[in-house]
Amino acid sequence: MIERRKTRAVKVGRVQIGGGAPITVQSMTKCDTRDVPEVLRQIRALEEAGCDIVRVAAPTMEAAECFKEIRKGCNIPLVADVHFDYRIALKVLEAGIDKLRINPGNIGARWKVEEVVRACKDRGVPIRIGVNAGSLEEEFLEKYGYPTADGMVESALKHVAILEELDFHDIVISIKSSRVDQMIEAYRKLSEKVDYPLHVGVTEAGTPFAGTIKSAVGIGTILAEGIGDTIRVSLSTDCVEEVRVGYEILKALGLRTRGINIISCPSCGRVQIDLVKVANEVERRLQHIDVPLNVAVMGCVVNGPGEAAEADVALFGGKGVGMLYVGGERVRKTTEEEMVEALVELVEQKAAEIKASGRVPTGYGRHEER
């Protein structure tokens, strides 16, 4: 059991970050904000994937003017990402956003920051301070010679101080780097200095394969130490994939469950079915299931029976046939050609039963009532 760090609670619309709330999964739309239909299409896809909070860039006043329409079509908390121009921040706040991502230090004169903070206070909108190694201020680059974890922490604390001086405390902080070791060091150091909730991620992690590994190592390490209240996986791919990877990281640590947890063997000389093909097909076919269930796809007698006994639904294949288990009990025998369809059918039935019963599955192994 991971003991999570205690942080303040910050409300982002109807979703709480910090204060012991479940770790939330975020993503960001990846199109021109002025293309409102496409923005809303991506947001709907993110909602279906389980995204808790979505961020949309507001690089110009023209983009900011689109937020009113985006707000109407968005059913999850909406965050606006603003830099440099305080007027853009005021415009998106008027549109009804739920959180503002800025760095107070790059908004301009103090009176401009005060206007933004006052507008956030009036509307109950929190601010995320987002420090990135790639855009660290010149003063910290001159002090340390290059982006460092210490420089990033100092930058974050500088921005926090600006807001605290204005008696504003609805703050979330992120302190990201594309270097996993640097990101880990920065979050560790920052967590010792503030009790604000932390938004955790590896920025510009890269393409799906390498970026998923970097994110799993970086985000996973920090979460395993009890640090972090919300996460965003940054990948050069469809935003829905970011959400899927985020949930897999949380599931791997037992911090939050959603959808199917696939348990499958890597295959070897003992296996007598095309297990790799079967396991990947099962994963693809079950992406629509949001009820947390453990599904095992095993190919031999060494570990197969044990995993089948522990999983909610399992397939144990051999010699061209498959044995199907539900709750550890064998319920059906099928051919290799039909085993995927049969397994998917049983999983869908199990998920429907759980939803109908009103029970909320948690943790690993058989679902437990909460």
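Cβ coordinates come from backbone N, Cα and C, glycine included.
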[4Fe-4S] cluster binding in Swiss-Prot involves C265, C268, C300; of E307, E310, the partner in that site is E307
Row E307 ([4Fe-4S] cluster binding site), column other C-beta within 10 angstroms, all chains, value 19
Note: in the chain of C268 ([4Fe-4S] cluster binding site), residues six or more apart in sequence with C-beta under 8 angstroms of its C-beta are C300
